[in-house]
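Here is what Swiss-Prot says about this protein:
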type	residues	note
DISULFID	C13-C117	disulfide bond
MOD_RES	T113	phosphothreonine
MOTIF	83-99	motif 'Involved in PIP2 interaction'
Amino acid sequence: MSWQTYVDEHLMCDIDGQASNSLASAIVGHDGSVWAQSSSFPQFKPQEITGIMKDFEEPGHLAPTGLHLGGIKYMVIQGEAGAVIRGKKGSGGITIKKTGQALVFGIYEEPVTPGQCNMVVERLGDYLIDQGL
């Protein structure tokens, strides 16, 4: 299965029977290389991925400045140290799951809820971890 298929079929999937077209997603290597992404995923700067990786290594690193992706600032909210970073901006937000080799991103806006985004992103991340990725 290609990485793009994981994005298209597992991250951009329908949630509870409704299209999640308000969700942007990507799978990005720890080095910032894009493995696959949805067409709506923002163009990001390498230093934004560096900051995200640093927060996984040192939880709380992004809390004072916020999480930035594609020039958009998200307020960092409760996550799982070293495993999941969550951010909020207005009625939407972001979930990032770290695997052994990649970062799985989900960006959402209403009507998608934080819990729905978390479930989709973390489920794929857990699967990739189980596969040694």
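A Cβ is built for glycine as well, from the same backbone N, Cα and C atoms used for every other residue.
Bear in mind that the values here come from a model prediction, so they are computed numbers and not experimental data.
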C117 (disulfide bond) - helix vs strand vs coil (DSSP): helix
DSSP residue counts for the motif 'Involved in PIP2 interaction' (83-99), split into helix, strand and coil: 0 helix, 13 strand, 4 coil
